[in-house]
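Here is what TrEMBL says about this protein:
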| type | residues | note |
| --- | --- | --- |
| BINDING | MET184, LEU185, HIS209, PHE210, ARG266, GLY288, GLN297 | ATP binding site |
| DOMAIN | 61-166 | domain 'THUMP' |
Amino acid sequence: MEWNELLIRYGELSLKGRNRNTFVRKLRNNIKEALRDLKTVVIKPERDRMFLIAEDQQDMKEAIARLPYIFGIQSFSPVAKCEASLDAIKEKALAVIGADETEGKTFKVEIRRTDKSFPLVTGELQQEIGGHVLRHFPKLIVKMKKPDILLHVEIREEGAFLTAKVYEGAGGMPVGSNGHSMLMLSGGIDSPVAGYLMMKRGVSIDAIHFASPPFTSELAKKKVMDLAEKLSTFGAAVRLHIIPFTEIQQMIVSQVPDNVSMTTTRRLMLQIADKVRQEEGALAIVTGESLGQVASQTLESLTAINAVTETPILRPLIAADKLEIIQIAQKIGTYDISIQPYEDCCTIFSPSNPKTKPRLDKVIYYESFSDFAPLVEEAVKNRETVQLPLQQEDAFEDLL
Ligand code: ATP
Ligand code: MG
């Protein structure tokens, strides 16, 4: 089947005014970016939908395979175009319907006529086209409400446009339409999922990772790079900042009592993340924290950690169950990377008995004997920054 264009529908009907314009502009740019290597693709936005036109059928197929990854698309349909005459429409209708399995499926024809000069009225057209299709595909069953196959025929002055199949889009909002944030990316299961969910909500991200070589290995670092790379399949290139954290962790272990060292470690991570955030012009910090999961994620702990900054901390998983998080991780392809058994800086230095309800005043008191500030500055300055390009190829296998 040869398709002439793709009809792209956006969701978020509640978007108004300037927000809608930003949304549409970003979506168009993100689609262009994701399809940059496809030379014949042109995108035409309209008020509440967009058309993607490709001269080359191979480009069209490739576009169909990539669109399900682009946030901000509710659904899309391949469109076949023909001359606006009854015979041409009938013939095209057979090709469009025949492109998929018809046995036992329910069916309906829907007509939209913007070219009012067309000789037949809508009811007549519906009967003519529907009858023709049913004669050729006798196993189809007519159904008016929620049919499996809705053949939509739109008659415009430039011709007739037919669609029958609706592909589900990724939903959400175009990456970048809701600002830029810093994702604290560990090698665990949660933080990549948190990053994915924020990207889905239109936030583009830089990732930051704390590594403590030689206690953490090159393989642990590679794992985090793989996770960041996976995230950049979702419509935006991700940059990863790797922070040398060994010295700070050693200082914490030697100077801060065991049962608050976890809280202090998190507080220093957050301070560093906040400084990098500021340098990179990001607005918020994203973490994979989920309430009650571990000692550092009680409300008391989160409060003591959070006290180092006034920057908004976005925690999209705060109310999610581990199983729900794992399901998303599997769907987006980060799970298998996350479960590789390489050590994280926090596990290596973690005390056996961290406080689940640390008191902020006590934590501040214990920290006051050490001067972490110069080490924090140095860690920020000595970070290694890796730019991960927008990924495409290896993405489709898992979702399509
Ligand atoms: P995750 O699965 O994301 O590692 P977790 O359940 O293991 O989460 P913690 O280890 O307590 O929980 O980490 C809580 C959050 O702190 C993480 O989701 C992540 O955002 C951040 N974080 C933890 N370790 C690191 C690290 N080494 N580098 C960057 N961020 C980290
Ligand atoms: Mg972890």
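Cβ coordinates are placed from backbone N, Cα and C, and glycine is handled just like the others.
Just so you know, TrEMBL annotations never went through curation; they're auto-generated.
Feature map: annotations from TrEMBL on the structure.
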residue : record           : contacts (Cβ under 8 Å, 6+ apart)
MET184  : ATP binding site : SER191, ALA207, ILE208, HIS209, MET269, LEU270, ALA273, ILE285, VAL286, THR287, GLY288
LEU185  : ATP binding site : SER191, PRO192, GLY195, ALA207, ILE208, HIS209, VAL224, LEU227, ALA228, LEU240
PHE210  : ATP binding site : SER186, ILE243, PHE245, MET269, ILE272, CYS345, CYS346
ARG266  : ATP binding site : SER296, SER301, ILE305
GLN297  : ATP binding site : GLU289, SER290, LEU291
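Mapped onto DSSP classes, the domain 'THUMP' (61-166) shows 37 helix, 33 strand, 36 coil. There are 25 other Cβ atoms within 10 Å of the Cβ belonging to GLY288 (ATP binding site). For HIS209 (ATP binding site), other Cβ atoms within 10 Å of its Cβ number 29.
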